[in-house]
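Per Swiss-Prot, the features are:
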type	residues	note
COILED	59-108	coiled coil
COILED	152-673	coiled coil
MOD_RES	2	N-acetylalanine
MOD_RES	681	phosphoserine
């Protein structure tokens, strides 16, 4: 199991390294993309980078599927282990119930046994039965010790299996936590790509808007230039006409002088000249009207110039507003930096709290392990001490029984002797009564015999009292032994309850540990969210500042160009337009070259990613084979657990059999003692 876990960890580390490399590549790509945006590439490089990022999701999806399969298998194993635990608990409860039932049945059978059937058995048979029962007791004790040893070994093996399961569970939790982190990172990258898309769209919109405004202004400027040209042409025509009219007026004046000289001679011609003068006056009026129109057009041009000056002032005001916005963006950036510093401080505090919590967890683990070890040691010591005490008590009881049996045999011999002496004395008394009264010596003999009889009766009474006291002592010893047995059972039950309570405490501690882990995960997520918010704020501030600076620079450049165009002549504007066309052609060529390079790099990356996909598929196949091996090992472990359960059941059966044998032996001893007492009482009655 440990080797398989190490292999899984190595493979997961490799996959994490590959993902980190991809992430680092994309992070290094972003500033190049921004530089290309600032130089003139703007949207195309971002589109190419996004197309490159679109090749990553299949790898990530396969990795997530593989992790989900592993998590499902872990949940299946957890459920299976829980079911096994429940089955073990049910088996233990059934064994206890059967043990109690057998004990009650044996006690009832022993109580139902009839007494007084074997009163006339011999003492030798009783001794043999006692010896056989003692041997059975010794064998039962040996089997009990052997069963306890096997039970301890089985419990140790179960503890080792539980430790392995806990280690596997902790590693699975670590895998899940790392998977969550990776998913969060992927979500962050996706959000960043979306934001870059939005930023690119905004930049494109601003560029389109700026181009539209530039084209509109150029159109207006061209219209104004056309109007100026037309006005200048009209002025030139009007000036030429005025010159012509002045020349005509001079010629007319000369002609008038000539005509004044020739008035008298050319009266007929005066009417024609008057007509011509009227025509000339009408033409002059027309020229004057044209001059008025030209003056009005000049006034219109002056008003247009004033409007342009107003627009320039408005643009200057907008520039000042944009500068104010720039200062506001800088202040916002400063605020975001302060927020970042506060977030870093909170993060450090959270890390310190996490370290303290980890130290507290380690302390709790140590204390719990010490408590469990102390409880186990105490339980073992108490069991061993109680076992030794019971063994000592059993040996003492055996010694006392042997001494009491010896005393009983001696006392029975004395009683038999006293009975024989009594019979002999009674026979002698009968002989004396038959023969009649004899000498005083015979009378003395009778008195001595009578005193002997009295002494024998006294000794008989003393022996009976001693027998009663011995029987009472045996009863007290039996009562004490039963009380001590009950106390030992109570102690064992108390120890079992203590063990169960400690197990519950361990479960409660594990739950608290899980809660603390969840709290730590939540805190880490909050810190990551704060970091993300701070980074997003920084990025937004930087983007705003860069966009504002770019806009200001573009606007300033545009205003300068407009002013220069208004001041310069048409030639400069044509030259600038040619330069702009050449620059656009150059940028278009550059974009084409960059797109070719990016397509080649994308194809190379796609080929490398395909090779990595094939490698990862091989890794997944290896992982599947390892999972099959793990499943086989789990099946083997289940078989071992079943074998241990069978061994435990056998041990419990042997323990129950040993207890039944001990109970039967104790009952047989009690029956034998009762039979002996009854035999003694019957003998006494017969003698009386």
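Placement of Cβ uses the backbone N, Cα and C atoms for every residue, glycine included.
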Inset, instruction - Please give the average pLDDT for the coiled coil (152-673) in this predicted model. - result: 71
Inset, instruction - Compile a sequence-ordered list of residues in the same chain as residue 681 (phosphoserine), six or more apart from it, whose Cβ lies below 8 A from its Cβ; state 'none' when nothing qualifies. - result: none
Legend entry - DSSP three-state assignment (helix, strand or coil) for residue 681 (phosphoserine): helix
